[in-house]
Amino acid sequence: MSKSALLVLEDGTVFRGVSIGADGISVGEVVFNTSMTGYQEILTDPSYSQQIVTLTYPHIGNTGTNSEDEESTAIHAQGLVIRDLPLIASNFRSEQSLSDYLKSQNIVGIADIDTRKLTRILREKGAQNGCIMAGDNLDEALALAKAKEFPGLKGMDLAKVVSTKEAYAWKQGSWTLEGGLPEAKADSELPYHVVAYDFGAKRNILRMLVDRGCRLTVVPAQTSAEDVLALNPDGVFLSNGPGDPEPCTYAIEATRVFLEKNIPVFGICLGHQILALASGAKTVKMKFGHHGANHPVKDLDRGVVMITSQNHGFAADEATLPDNLRATHKSLFDGSLQGIHRTDKPAFSFQGHPEASPGPHDAAPLFDHFIELIKQFRA
């Protein structure tokens, strides 16, 4: 028999439904994601640390879960909110139902609530703190108190929390339908050595770099510039990640060193914001952020529109860009800055997720541009 669950927002709004995960209490910033597929990749994206994810598509869990689609070693979202959980997970790759997957990692979840109403609240009032309570003895007053106690993501440095604790090599390319996940490539197939800062890196980002000939050394978020330079990299990659970029002073300072050395730098998501801060721009907390796989972004250089995958609650402030930074991409939803390029250094970044997972690959050529900068650096 299904257990009950409730979601309480900091403004006092209460949603009652059924539990689809573990028993317990979870608190975080409640956000909504408009992706129709890719729920497992979303849950395991470290960028969702300290966030409760609401999926707007009504049927979630149809294809179950499997070990190959995880973007990290664990679920990083604080909780999951959906409209309907199908009774049967049907897919030839399925290994476990979504409900069992949540329970196995002690993640709370709630279903059978009005996710359209919840999304409208978040869109109109902005992202709110919330509390999911699942199991017996549900207490609305306690849930509301816990939601109000949560400090919010502003000023929170989560990159160093979710980052790897030890450096490691990554040489595995992308999954294919015919062969699944491939074996690690030989060094002879990977001519470019790239150091990737792990602020919460998704595996598919690393795979797409390997696809383009990069031998990766993935390092912890707080690795010094001196330690990275000792590895003699051909380029430095700044990964995605959760939380506020401004407290990540260690990463901002290291990036400034790489810029001074004219080493190619490519940033995604949090890495984009780190490059902006290192170059003298400022960042802002967004009202409800961008979370989804259907966001139109205009490439200002080529004059074309890309459909992109997005997941961020902070953004670089275009009004603060110094003269040596030019805007390269803008959101067609709200006009926010989506990409920048240094005019005096081989460095650029993109706010969205060109690796998708889930989502379209319209922005994948950004990886190719990074390789072009590396080739010029090595020439």
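From the backbone N, Cα and C atoms, a Cβ is placed for every residue, glycine too.
According to Swiss-Prot:
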REGION    1-189  region 'CPSase'
BINDING   Ser47, Gly241, Gly243, Leu270, Gln273, Asn311, Gly313, Phe314  L-glutamine binding site
DOMAIN    193-379  domain 'Glutamine amidotransferase type-1'
ACT_SITE  Cys269  active site, nucleophile
ACT_SITE  His353  active site
ACT_SITE  Glu355  active site
Task: Under 8 Å by Cβ from Gly243 (L-glutamine binding site), counting only residues of that chain that are 6 or more apart - done: Ser49, Gln50, Leu153, Met156, Asp157, Leu158, Ala159, Leu270
Task: Rounded to the nearest Å - Cα separation of Phe314 (L-glutamine binding site) and the residue listed as 'active site, nucleophile' - done: 9
Open item on the list: Check the DSSP secondary structure of Glu355 (active site), expressed as helix, strand or coil.
Closed with: coil
Open item on the list: Helix, strand or coil for Asn311 (L-glutamine binding site)? Use DSSP.
Closed with: strand
Task: Cα-nearest neighbour of the residue listed as 'active site, nucleophile' within the listed recorded positions, Ser47, Gly313, His353 - done: His353
Task: In the chain carrying Gln273 (L-glutamine binding site), residues 6 or more apart in sequence that have Cβ under 8 angstroms from it - done: Pro245, Gly267, Thr283, His312, Phe314, Ala315, Ala316, Gln351
- [ ] Just jot down the residues in the same chain as His353 (active site), at least 6 apart in sequence, with C-beta under 8 A of its C-beta; none if empty.
- [x] Lys202, Ile205, Asn240, Ile268, Cys269, Thr308, Ser309, Gln310, Asn311, Gly359, Ala363
Open item on the list: Give me the count of other Cβ atoms within 10 A of the Cβ belonging to Ser47 (L-glutamine binding site).
Closed with: 29
Task: For Gly241 (L-glutamine binding site): intrachain residues, at least 6 apart, with Cβ closer than 8 Å - done: Pro46, Ser47, Leu158, Ala159, Val162, Ser163, Phe199, Gly200, Ala201, Ala221, Cys269, Leu270, Gly271
- [ ] To the nearest whole angstrom, state the Cα distance for the pair Glu355 (active site) and Gly313 (L-glutamine binding site).
- [x] 18
Task: Sparsest-packed of the listed recorded positions (Cys269, Asn311, Phe314, Glu355) - C-beta count within 10 angstroms - done: Phe314
Open item on the list: Around the C-beta of Leu270 (L-glutamine binding site), how many further C-beta atoms are within 10 angstroms, looking at every protein chain?
Closed with: 32
Task: Maximum Cα-Cα separation (Å), residues Ser47, Gly241, Gly243, Leu270, Gln273, Asn311, Gly313, Phe314 listed as binding L-glutamine - done: 13
